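Please read the structure below before turning to the comments.
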Amino acid sequence: MQENLRFASSGDDVKIWDASFLTLVDKFNPHTSPHGISSICWSSNNNFLVTASSSGDKIVVSSCKCKPVPLLELAEGQKQTCVDLNSTSMYLASGGLNNTVNIWDLKSKRLHRSLKDHKCEVTCVAYNWNDCYIASGSLSGEIILHSVTTNTSSTPFGHGSKQPIRHIKYSLFRKSLLGSVSDNGVVTLWDVNSQSSYHTFDSTHKAPASGICFSPVNELLFVTIGLDKRIILYDTSSKKLVKTLVADTPLTAVDFMPDGATLAIGSSRGKIYQYDLRMLKSPVKTISAHKTSVQCIAFQYSTSLTKASLSKGSSNKATAVNKRSVPVSSSSGAAQNSGIVREAPSPSIATVLPQPVTTALGKGSGAAQDEAGLARSKSTDIFSKETDAGKSQDFSSFDDTGKNSLGDMFSPIRDDAVVSKGGDESIGKGDGLDFLPQLNSVFPLRKNAGASSSLVLHSSPLNVLMGSSGKEENESHEPSAESKRAYLGKQEPKDAMKQFTKLISSGAEPGILNTCPSSNQARNLEKFEKPEKDIEAQLIHEPSVNGSSTTVPKAASSVTAGVASSLSEKIVDTLGNSRPGAPLTSVQIRFIQNMIQETLDDFREACHRDIVNLQVEMIKQFHIQLNEMHSLLERYSVNEGLVAEIERLREENKRLRAHF
């Protein structure tokens, strides 16, 4: 197995090149035809190369492990000029001058089947993604789908004899999408399920189109070339031309490198151009490859991706990355859309160029496709601006604001981990949040479960609002044994209230309430008022985002103190009036703790709502200021005098050009 990725080109002979450095590795010619070699394809393990000549003298399978050595010769004298291997490299499809499509069994070295549905010369053949169908195009302008499993052929479809088919190719992602180019320069995308045109690009090439190739990593991108020297990139989703380049010579062959970032294009003058999609103005490298025109270019399959996919057990077939994607399973008689393509696992296409593609796995026949039978795409064009899919539509008006500025400068609330409470509640009480109707669902406030010594951390909405990825911090304090017991024994306030009322009204049993000195009762009350003070202190001195302590205004502090003192008096009065001198039971203790916790939670929610409202209002004002600044800059950046002077100079230049 070769270490470096290679590609083969054919013209007057076959040459194997190092794809990275574009240096010649080997050259050979297993054919005796003076007309050159018209078609080549690699086996899935990159060890063998299949070639066919323009005269159709024979098909040769050569070993390319070390030096190229011809191993097998097929179809001698049968005029086969185009070839394609299936994904297992066990069967070979060929077509040629005798109007037939042949399927060869390479293991037995015999003709497996011969299909005689074409009326004219077959110019190209291609296996589909699961090897169930073979598509073939001919000079009569017809495309026919041959079912390998049922041994039947479809009704011919195409644009007629005025558009002879020169090249066809299946999309690697949209399994039912087939592309074709013809002699009149028309590029057509076909839906093979309905055998109808998905879209036709008329007059894109001013001369015969000679090649088409789909990107192995971008499900939207494909490329065509032609004898008009044009390289045209298309978007299958918007059905538009993305970019057009003009080369120096007529172009005859094209193929994508498996990484999807590099194009190798052959010309009629024997040159091979290497283009980088990230800088398409001119070729990165140019080499003189053949004495005649370059008739075919074929990259090897990515061996690293093949090994990775096989190690995961995703498929029993060898992975053909830049050819087709092998499904996990497929029924032999399934229709061509029986497996859906996994959506591209990588990011959107704007970031996809340097990354290799992973093997797309079929998921079975239940996958959803669009009305034309094509899997819907979530990615964007390779040249498009990357979209932020994680941004909520409600906040789309804030895209221009700074990413981290507001969240770090103005938020006194923690922007890190949240200590959640069992059965947490959302802040559904905020009436002042008309600007963000979904704010309560997007940023739910979570509360502590009852461990009074634990920090209560809140999630600030600002970093989410601005699309930032806030640094997560995990701060947790070990609750004391009393807090743990209180947490385990905690009940809902209503249940605790019922039990407490029942005990008070009916009187406690002798085994439950034991008389103790009044000092014990005072000690217990002091003991359970202490967590309340701790929480109050924690609320006042809650750490801010940057780690420094931010103090809540004194008004909030006084309100907190007033709430706590009134609550304490109410609890003491209630317990003292009910049974003077009796110690607190566990139910009473839980009830008190729940009352304190609920009161503090309500107060905390109110504070949080006020702060969020303030933050939202600040963001609105900043956005208004931003729009005002943009409008003022646009208004005053244009100097009328300079514009008039420029127009005067333009007129003078035109006059001078006309006279001199």
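Each residue's number is its place along the chain shown, starting with 1.
Any Cβ shown, glycine's included, is placed from N, Cα and C.
If you look up Swiss-Prot, you'll see Ser325, Ser379, Ser397, Ser411, Ser426, Ser468, Ser637 marked as phosphoserine. The phosphothreonine annotation in Swiss-Prot covers Thr550. Look at Swiss-Prot and you will find 1-31 tagged as repeat 'WD 1'. The annotation repeat 'WD 2' is assigned in Swiss-Prot to 32-71. According to Swiss-Prot, the feature repeat 'WD 4' maps to 117-156. Annotated repeat 'WD 5' per Swiss-Prot: 160-200, in sequence order. According to Swiss-Prot, the feature repeat 'WD 6' maps to 204-244. What Swiss-Prot records for 246-285 is repeat 'WD 7'.
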Give residue numbers and ranges for long-range contacts of the repeat 'WD 2' (32-71): same chain, 6 or more residues beyond its ends, CB-CB under 8 A. 1-2, 6, 8-14, 16, 26, 77-85, 87-89, 92, 94, 96-98, 104, 106, 292-293, 295-296, 298-301, 303, 306, 317-320
Please work out the helix, strand and coil residue numbers for the repeat 'WD 6' (204-244) from the DSSP assignment. 0 helix, 23 strand, 18 coil
What are the helix, strand and coil residue counts for the repeat 'WD 2' (32-71) according to DSSP? 0 helix, 20 strand, 20 coil
Taking the Cβ of Ser637 (phosphoserine) as centre, how many other Cβ atoms lie within 10 Å? 7
Check the DSSP secondary structure of Ser637 (phosphoserine), expressed as helix, strand or coil. coil
Using DSSP, tally how many residues of the repeat 'WD 4' (117-156) sit in helix, strand and coil. 0 helix, 20 strand, 20 coil
Which whole-number mean pLDDT does the model give the repeat 'WD 1' (1-31)? 89
